[in-house]
Amino acid sequence: MRKINTERNLKMADHCNGSSQSSESFVNIPPIKFTKLFIDGNFVDSVSGKTFEAIDPRSGEAITRVSEGDKEDVDLAVKAARLAFDNGPWPRLSGSERGRILMKFADLIEQNIEELATLEAINGGKLFSLCKFMEVPGAAMTLRYYAGAADKIYGTVLKLSKGLQGYTLREPIGVVGAILPWNFPTTMFFIKAAPALAAGCTMVVKPAEQTPLSALYYAHLAKLAGIPDGVVNVVNGFGETAGAAISSHMDIDKVSFTGSTEVGRKIMMAAAASNLKRVSLELGGKSPLLIFDDADVDEAAKFAFDGIFTSKGEICVASSRIYVQEGIYDKIVNKLIEKANAWVVGDPFDPQVNQGPQTDKNQFEKILSYIEHGKREGATLLTGGNRIGQKGYYIQPTIFADVKEDMIIAKEEIFGPVMSLMKFKTMEEAIKRANDTTYGLAAGVITKDLNVANTVLRSIRAGVVWMNCYLLLDVGCPYGGYKMSGFGRENGMDSFNEYLQTKSVVTPIHDSPWH
């Protein structure tokens, strides 16, 4: 095995340490328009008047300051959402009318796509091109998918055993608290908001404190689309204050959270201690990708590399554990090193760049600390292992080989551009090792043998298993976790049902000739 020549990546330092000014050669960055809380159809200051900095991870410097909401602001947002649900028009509109408004919302997103993609790049370090051509258009697609479902909420007629007539109604669950992660601010906003709104719910959304800017822009577009005041509310703030207030609020009917398992536990406890609100959790992952000897080496290496290094490794379903059968192990290693050598880390506005900065300083330092753990525990560092430059949160693509199952880098979610590479002999061994984790969010298998593929995908305990591909998600395909990766599903009609509840209606039938 050969190690990567890191000189190329280290030469990227000056290029990486861009500011907003240096990026204007690629994109004209507009002024930030929305920095307050959005409550009951208006942008307002927080009750306390406090603000916090929104940081540009390319430089570590502040972009702007945004209002900091806490419990009092959440109370106001919930009051507006409750009034809009209990007495307002949104839940009482026909499904087709809600769908029409959501379609207009989608149109407005597409009309502002460049500005929205810019916000994601400067506030989250995401590739501008990826946001412009995939993530933001994907938000519009998600809205249209659920807009089409809004008038297709059906109950069932029940065949009861006695002289009774029964049927079920599917009703919106009520006020939804949505707590978003920082890695995909746009995608996660609409994965939760689109089905909830289509179902007739009202919402209080708390974006991650690291990435609040796009959520505020979407609140503005929601109002322009014709969504009534109080239906969509956005409260910027921190997890321990605003997030905790949502989780424990007595007048919120459901919380949908995407984030860490540690915080997911706290949300469940708060929900149980308050009003036993319904909870859905999409939590961490340590997803395995199993590559068998008969796999196409070039294709398998691409799936493995893209599966962890896309979006700088800040993906909950990232293929962070790569298991390669011993017959092609060395070939896969060489291909992965080649790909790492060609991988460009730098300013996310540069169209030649493959990987931008990590989202914030805390995550940046956490990833570097995991890399040091890997070195100390005896894993072989094949690529990377260092930060790039002295400004901003850039990290080299890092690959460890000879990783053991009991190493910290193999057990804990790193959430960054760090791959653990391992060798296996038999299918049975690979399955056992792949399942040896507390997580169960995603997995993949690369093989030409259909029997092997079917055995593996049925044996792996994970909510999504990709066969001869990786990271392919679709709005119509539900995903979510097994084990400590949470419960509930995002996307597809499974997600729509998360925001509906079933009411049974029963009435006696007297002297009916049929039972």
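Residue 1 is the first one shown; counting continues down the chain.
Note that Cβ sites are derived from N, Cα and C of the backbone, with glycine treated the same way.
Remember, it's a predicted structure, so these values are computed and weren't measured experimentally.
The region 'Disordered' annotation in TrEMBL falls on one of the ranges 1-23, 369-391, namely 1-23. For E282 (active site), the same-chain residues 6+ apart in sequence whose C-beta sits under 8 angstroms from its C-beta are F257, T258, C316, L441, Y479, G480, G481, S485, G486, G488, E490. For the domain 'Aldehyde dehydrogenase' (43-505), the model's pLDDT averages out at 97.
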